[in-house]
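As structure tokens, the structure follows; a few thoughts come after it.
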Amino acid sequence: MAASRPTILSILLLTALSACGGSDRPEPGEIALTDLFTADFALTDMTGEPATDERFEGEPMFIYYGFTTCPEVCPTALATMSASLDALGRDAGRIQPLFITVDPERDTAEKLSAYLAFDDRILGLTGTPEAVDAARESLKVFAAKVPLEDSAMVYTMDHQSMFYVTDAAGKPLYALDDGMPPESIARVIERALRASGRG
């Protein structure tokens, strides 16, 4: 016997609701990235070792650009990054969290190491100004030096504050608002792990 029209509509509605309720639905604050974005870099890590994007091939990267003398935004973002790793549980060991400086003139490897000592899962990267600019520009991250008159600091940095998640091949998948809850960020990273065949 043919299904009645109301029954067919009910099935279609349930299917649509099931799809909307799936674990792969976008999180508020998540932006899917296009092929215009890359995560190419040739930098130095906070232990003094060379750090290129190829070094982390096979692991999705969880990236934040900031600087160590940032008064409020970067410490808050790093706390969120750390809490997101906690929310991932064991899966936190299957990704590479990176803090890449936008202020290479001040942020030496030693300074990054001290700054990130609160969470040994996060690796700091620095380099020459040219190398840092190239890395930042590949991911379309804005940063600019802002002079500070009558200040011992001389200048500060104005910069874009977002998280970036790549797949295991280093392809950027998502940009995430830095105000997203850690649990939401963790769900996006879990999706990146699944997309990389690691979930």
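Each residue, glycine too, has its Cβ placed from N, Cα and C.
Residues or ranges marked as signal peptide by TrEMBL: 1-21. Look at TrEMBL and you will find Cys70-Cys74 tagged as disulfide bond. The Cu cation binding site annotation in TrEMBL covers Cys70, Cys74, His159.
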Test of understanding: give the count of other CB atoms lying within 10 angstroms of the CB of Cys70 (disulfide bond).
20
Cα of Cys74 (disulfide bond) to Cα of His159 (Cu cation binding site), in Å and rounded, measures 10
Cβ-centroid neighbours of Cu cation site Cys70, Cys74, His159, 8 Å, sequence order
Tyr65, Gly66, Phe67, Val73, Ala77, Val102, Met157, Ser161
Whole-number Å value for how far Cys70 (disulfide bond) lies from His159 (Cu cation binding site) (Cα to Cα)
10
With every protein chain in view, what's the tally of Cβ atoms within 10 Å of the Cβ of His159 (Cu cation binding site), excluding that atom itself?
22
